[in-house]
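Database features, via Swiss-Prot:
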type     : residues             : note
ACT_SITE : E211                 : active site, proton donor
BINDING  : H20, H22, H208, D298 : Zn(2+) binding site
BINDING  : H22, D24, G181       : substrate binding site
SITE     : H232                 : site 'Important for catalytic activity'
Amino acid sequence: MSSTRIDTETLRRLPKAVLHDHLDGGLRPATVVELARSVGHTLPTTDPDELAAWYYEAANSGDLVRYIATFEHTLAVMQNREGLLRAAEEYVLDLAADGVVYGEVRYAPELNTRGGLSMREVVETVQEGLATGMAKAAAAGTPVRVGTLLCGMRMFDRVREAADLAVAFRDAGVVGFDIAGAEDGFPPADHLDAFEHLRRENVPFTIHAGEAHGLPSIHQALQVCGAQRIGHGVRITDDIPDLAAGKLGRLAAWVRDRRIALEMCPTSNLQTGAATSIAEHPITALKDLGFRVTLNTDNRLVSGTTMTREMSLLVEQAGWSVEDLRTVTVNALKSAFVPFDERTALIEDVVLPAYASVL
């Protein structure tokens with residue numbers, strides 16, 4: 001591990017990239033309160049600070065199913081154009097304020113149709129809000145490129161419909177696809193037709209795997225479904241019996257040697273019980289073993305976090321250096337679902353010069 005360290009204030013200004021971040025898990029607490037009032041939805045509290053604390057405490061159950069259940073209140077205020085436009089616009093502005101220069105936001109449009117919008121209308125509305133946010137961020141001198149990953153919910157039957165929308169909107173801001181939701185009992189291969197369709201249409205996709213479920217979910221996501229990245233993937237360590245020795249099993253070696261990005265989310269993993277502490281989170285050992293690990297927030301409201309906070313935690317509790325942070329930032333951009341020239345420009349023109357200035 002390199003020796004150069006960094007203070008938090010400098011860290012806030014460094015360019016960042018986030019690949020795994022859910023739109024409905026990242027609303028501002030004040031926005032949830034205001035939108036809930038406008039649609040008549042009852043919240044646990046109407047005080048924004050208390051609501052933020054409620055989310056964080058409710059998510060700290062150590063159980064993925066309970067963690068997911070906290071989304072009911074954010075989803076309740078994202079069922080019309082007003083809520084979707086505001087959530088999307090503020091999403092971009094919040095990333096820009098956090099120093100993020102590239103982000104991929106994911107959401108499942110089927111979860112936003114209770115107010116009468118079609119899935120297509122949901123996608124159109126979110127893209128409109130994201131475009132507004134990017135224009136405002138650029139005008140403020142903090143440009144950020146945000147691409148969309150459409151999600152299918154693995155426990156429901158509209159995954160193929162979401163995949164069709166990813167194909168339809170791939171030239172209109174949608175850069176890829178994912179399936180989300182409870183892993184146990186809902187293997188990704190249940191939706192193989194959707195993944196085969198995406199592959200035929202040359203649309204990249206990631207799959208949530210290796211979080212609540214173990215190696216079989218990672219193997220199936222990669223070798224059966226053909227995922228280009230893995231969402232979370234912390235359980236890949238089950239195929240590395242001795243992390244210190246670094247002897248890899250066949251699946252772990254495949255992931256490392258083929259440079260398959262792991263979208264790791266330390267704070268979220270602590271909340272769902274997928275990891276025990278920041279200091280012992282597998283991201284550090286996997287980074288040191290040469291895996292293409294990336295650092296992510298997952299759900300900024302639910303986890304009470306930002307990219308700056310995630311980086312700070314790794315610096316303070318896992319001994320990370322600025323070189324380590326640069327590595328995972330470059331890793332994320334190398335594995336982003338946008339064209340090669342865009343990724344290269346962000347790495348060479350934005351990220352590397354900024355990190356060089358503090359080394």
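If you go along the chain as it appears here, the first residue is 1 and each next one adds 1.
Note that Cβ sites are derived from N, Cα and C of the backbone, with glycine treated the same way.
Of the recorded residues, H232 (site 'Important for catalytic activity') and H22 (Zn(2+) binding site) place their C-alpha atoms 13 Å from one another. Neighbouring residues of the recorded substrate site, listed in sequence order and excluding H22, D24, G181, comprise L23, G25, I68, F71, R106, Y107, A108, L111, C151, A180, N299 (Cβ within 8 Å of the Cβ centroid). Residue density at D24 (substrate binding site): 25 other Cβ atoms are found within 10 A of its Cβ, drawing on all protein chains shown.
Taking a C-beta cut-off of under 8 Å and a sequence gap of six or more, D298 (Zn(2+) binding site) has these contacts in its own chain: H20, D21, H22, G25, C265, T267, S268. D24 (substrate binding site) sits 16 Å from H208 (Zn(2+) binding site), taking the CA atoms of both as reference points. Excluding H20, H22, H208, D298, which define the Zn(2+) site, the same chain contributes D21, G25, R106, D178, A180, G231, H232, E263, C265, S268, N296, N299 within 8 Å (Cβ to the Cβ centroid), listed in sequence order.
For the recorded site, G181 (substrate binding site), the DSSP three-state label reads coil.
Counting Cβ atoms from all protein chains shown, G181 (substrate binding site) has 18 others lying within 10 Å of its own Cβ.
Counting every protein chain shown, 29 other Cβ atoms lie within 10 Å of the Cβ of H20 (Zn(2+) binding site). Within 10 Å of the C-beta of H232 (site 'Important for catalytic activity') there are 29 other C-beta atoms, taking all protein chains into account.
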